[in-house]
Amino acid sequence: MTLQDLYTIMPILITAGAALFVLLCGPVLLSASLTAIGVTASAAAGVWAALSIPTSTQAVAGLAFTPLARFLIPLFCFAAALTLLLSHSYNERRGIKGEEFPATVLFALFALCVLPCATNMLILFLALESVSFAFYILVSMDLNRAESGEAGLKYLLLGAVAAAFTAFGFALLFTGSGTLQLSGALARPDNRAIISAGWGVILVGIAFKLSLVPGHLWTPDVYQGAPAPVSAFLSTSSKVAAAALLLMLLALSPPMPELRVPLAALSVLSMVLGNLAALMQQNIKRMLAYSSVAHMGYLTLALLSGSRDGYAAVLLYGAIYTAMNLAAFGAIASLSVDQERELLTDYAGLGFAAPLRGGVLALAMISLAGIPPAAGFIGKFFIFYSAIKGGAISLAIIGILSAAASAYFYLRVVAQLYMHRSEAPAPQPVSLAEGLALCCASVVILVIGVYPGPLLDAIEAVLH
Amino acid sequence: MTSLIPMLTLLIFLPLCGSLLVFALRRSDAAVRGVALAFSLAELALCLWPLALSGEKATGAPAGFFLYQDAAWIERFGIRYTLGMDGISLVMTILTAFITLIAVLSAWQVKERAGLFFALLLALQAAVQGLFLSLDLFLFYLFWEAMLIPMLLLIGVWGSGRPVYSTIKFFIYTFVGSLLMLLAIIALYLMHGAQSGSYTFALPELVRTNIPYDIGLWLFAAFLLSFAIKFPLFPLHTWQPDAYCDAPVAGTLMLGSLLSKTAAYGLIRIAFPLFPEASRALTPLIFVVAVLGIGYFAWIAFAQRDMKRMLAYSSVSHMGFVALGIAAWSPVAVSGALLQMVNHAVTTGALFIVVGMLEQRAESRDLSSYGGTWGKIPVFSFFFLLFNMASAGVPGLNNFVSELIILVGTFRVAPLAAAIAFLGTILTLVYTVRLVQEVLFGKEKQPLELKDLSLREAGVLAVMALVVVGLGVHPGPVLELFRMPLEVLLKP
């Protein structure tokens with residue numbers, strides 16, 4: 001290993017080092033300084049990755065700083081940093097103490113950074129499961145609430161089944177091709193039947209991770225039970241990681257026509273059922289969970305085209321979705337008092353009582369609904385553009401109609417915020433860290449919405 | 001000179017800056033109103049300035065455009081920031097600036113969260129101005145959608161009755177239509193790109209696309225649906241009475257006077273030129289809904305006891321003439337339709353304002369509450385009568401001219417449609433006469449303490465009355481502005 005190799009895997013080393021440091025030195029340091037260390041480390045790793053030049057040479061066996069990693073690592077670091085900023089005062093209000101929270105977030109970030117660097121199925125699987133493992137812990141971190149533990153258990157049990165499916169799929173790919181190298185294993189068309197079977201089993205596992213219908217059943221319970229900052233992190237980074245995994249596998253494979261029907265079915269079911277179920281929710285976190293099901297359906301629609309445009313749309317949507325959901329769950333976290341505001345009606349009048357957080361929540365909803373000038377519109381445009389270009393016109397029409405229906409439940413939140421009188425207890429003033437995180441997410445939403453050029457260029461560079 | 005100052009960008013961003021400034025000053029009601037008024041006056045002045053330029057041709061611009069601006073924006077998709085102003089856009093931007101100014105003045109008494117109210121009003125103006133100036137289809141769509149959020153909040157936060165229900169209904173209706181239009185835009189873009197090799201949303205380029213008839217029909221239907229909802233055309237109008245009635249006066253003004261015009265403008269500028277064959281095939285359908293709308297809505301208006309609701313139906317009934325003129329698609333009929341857009345905006349807008357003033361005084365919109373106001377508040381009653389006469393199509397006032405031009409233009413293309421539409425005007429007379437009779441004349445039904453117009457109110461109405469009379473006796477200059485652009489748009 002040369003010094004050059006060390007440079008390329010530096011983001012991974014930074015996050016791993018920070019996680020260990022926080023865990024070991026946590027007992028003797030103030031909790032504010034732990035958050036500060038975590039945010040600094042995430043920011044440093046992200047900036048480092050963004051400024052490095054991607055190579056195809058493996059730094060250590062099974063790891064290379066690929067162009068995809070250069071795009072995704074800063075994104076994951078952004079999400080982790082915002083999660084840490086949001087969780088600090090949230091955890092204080094909720095009595096979640098100790099260094100294990102920031103440490104686990106950093107461990108999750110470490111695994112997320114490894115994932116896009118993987119060149120080997122084993123590393124890929126280990127990275128994916130390490131991400132999930134960190135999230136099992138994070139979801140059940142709130143020991144004072146039974147729902148949190150329940151959500152963690154539910155997530156763990158179903159997650160274990162999904163992990164078994166994914167592992168079995170990788171094993172079949174290995175059997176079919178005789179190698180664990182991603183480029184070698186996927187490029188080989190011999191043993192087609194075994195490889196197709198492997199793909200089918202992997203899809204089952206990924207459908208669970210992406211919460212595509214019918215693998216979505218855990219999602220509302222887990223989002224509802226988890227602390228809001230964890231839901232923010234979970235709904236963004238773990239989803240983007242799973243989508244990236246699917247993207248890496250698909251991009252390296254020869255065209256797989258047999259995947260078209262299952263992917264199309266997953267996509268349509270998720271878009272339609274996700275949005276319909278979200279229409280009926282009274283609980284905002286459950287509503288966002290079903291909305292996330294629908295959004296992953298849109299993502300799958302773009303993947304389906306199998307074209308460069310489709311893959312670019314997935315990456316763009318992943319980035320935009322990260323900003324939107326961090327803003328939405330961040331505002332929910334920050335607006336919570338001693339209890340979280342669960343029902344939609346708990347948000348009545350908050351647009352005026354807490355202008356910043358209400359505004360950010362409204363912006364997130366407008367963006368999720370796909371209304372310009374928020375970034376969600378650009379994302380949806382790209383998704384449907386790639387779908388129509390790929391010839392999936394009927395799917396695009398189903399998708400766009402379900403998106404139109406989804407405007408209703410997003411607007412209900414906006415209506416609660418601005419058009420109803422408040423009876424709920426007034427929120428506490430926004431803390432500096434929360435304000436910073438919410439402003440960051442909002443600025444990203446607005447800037448991408450108005451001027452997406454640089455981000456699109458960065459994505460082009462990934463796919464080149 | 002014109003190339004040094006990005007006029008068109010300024011037209012969009014001046015109200016946007018005003019909006020941000022007003023929001024920043026929201027603590028003081030007086031400052032908010034003053035700044036909003038100043039910005040809307042400045043915008044109107046800015047819109048009037050290009051009048052001197054009309055007739056010239058800007059460098060690099062398509063035929064007919066005398067101000068033009070073009071810059072790369074999202075290069076990945078060939079999306080450009082292209083703005084252009086021809087005679088039609090010029091009149092529409094002036095109309096937008098004028099109506100916004102009136103809206104600001106008529107919202108003078110908004111006390112609750114005035115800062116946000118005026119900020120949204122100006123933001124809405126920016127979106128409408130952008131829409132009237134866009135020559136890039138993506139940009140047009142962006143402004144088309146950007147109008148929704150300010151409007152949604154204006155109705156929902158400051159509305160009366162069932163504002164949340166009405167505003168969400170309005171939003172969902174328009175949103176469904178526009179998303180289908182988005183798909184059509186993407187399909188058109190891909191088709192044009194595949195044919196010519198250059199992927200672009202530029203309207204003058206897209207017009208040249210060779211579209212197979214059956215696909216064109218679907219795409220045109222998507223555009224038509226989107227525009228027909230906002231127009232609104234029968235039977236897609238059901239959101240409209242609720243939204244018009246429950247909105248605050250300034251909101252109704254923006255919605256009824258401007259947003260419905262954006263739909264008509266979209267048909268003229270985009271849908272018909274893009275799909276000449278498909279639009280010709282669906283013309284009979286548009287004739288039917290237009291004529292049906294004129295008569296049916298006038299009839300429904302007659303049945304209303306709530307004045308604002310009556311005006312809402314009257315408004316769609318008059319918009320039927322615009323649809324009629326567009327469907328005829330001849331230079332005379334379309335220029336009549338464009339003039340009718342201006343006249344409708346001013347007349348209907350003025351009517352909504354006078355009814356709003358009456359409601360503010362007596363807290364009732366019910367016809368049964370009023371009677372004999374002529375003797376009590378003569379200045380108000382004069383304006384009330386004048387605008388109703390204009391709406392009924394009395395010669396010498398503005399609506400008469402444009403409705404006549406539309407009927408004449410349509411008669412050459414579709415005599416039957418023109419004849420039935422003419423009968424519809426009689427129904428207009430019926431409900432207008434009843435409104436005037438019950439409110440202005442007769443006996444007082446309830447004892448009401450009514451105050452006559454304040455100086456501000458009288459000023460607002462006097463300015464609108466001037467426009468009503470001015471356009472009624474001398475519409476020539478406005479029609480002249482439409483001539484050149486229509487030659488380009490309607491060329492076979």
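Residue numbering: from 1, along the chain as shown.
Using N, Cα and C of the backbone, Cβ positions are placed for all residues, glycine too.
Database features, via TrEMBL:
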- A:6-25: transmembrane segment (TRANSMEM)
- A:32-51: transmembrane segment (TRANSMEM)
- A:71-89: transmembrane segment (TRANSMEM)
- A:101-118: transmembrane segment (TRANSMEM)
- A:118-403: domain 'NADH:quinone oxidoreductase/Mrp antiporter transmembrane' (DOMAIN)
- A:155-174: transmembrane segment (TRANSMEM)
- A:194-218: transmembrane segment (TRANSMEM)
- A:230-253: transmembrane segment (TRANSMEM)
- A:259-280: transmembrane segment (TRANSMEM)
- A:311-335: transmembrane segment (TRANSMEM)
- A:347-371: transmembrane segment (TRANSMEM)
- A:391-411: transmembrane segment (TRANSMEM)
- A:432-451: transmembrane segment (TRANSMEM)
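The transmembrane segment (A:6-25) makes contact with the transmembrane segment (A:101-118), as judged by at least three Cβ pairs under 8 Å among residues 6 or more apart in sequence. Segment contact is absent for the transmembrane segment (A:391-411) and the transmembrane segment (A:32-51), given fewer than three CB pairs below 8 angstroms at sequence separation of 6 or more. Highlighted: of the candidate stretches A:155-174, A:194-218, A:259-280, A:347-371, A:347-371 has the greatest count of Cβ pairs under 8 Å to the transmembrane segment (A:311-335). Nonlocal intrachain contacts for the transmembrane segment (A:32-51), taken as residues 6+ away from its ends with a CB within less than 8 angstroms of a stretch CB, comprise 10-12, 14-15, 17-18, 21-22, 26, 65, 69-70, 73-74, 76-78, 80-81, 84-85, 87-88, 99, 102, 105-106, 109, 113, 433. Residues 9, 11-12, 15-16, 18-19, 22-23, 26, 34-35, 37-38, 41-42, 45, 49, 62-66, 68-69, 71-73, 76-77, 80, 83-84, 87, 91, 124, 126-128, 130-131, 133-135, 137-138, 141, 182, 233, 237, 241, 244-245, 248 of the same chain, all 6+ positions outside the transmembrane segment (A:101-118), place their C-beta atoms under 8 angstroms from a C-beta of that stretch. Only pairs six or more apart in sequence are counted, and the transmembrane segment (A:230-253) with the transmembrane segment (A:432-451) gives fewer than three Cβ pairs under 8 Å, not enough to call it a contact.
Per-stretch counts of Cβ pairs under 8 Å to the transmembrane segment (A:259-280) identify A:194-218 as the leading one among A:71-89, A:194-218, A:347-371, A:432-451.
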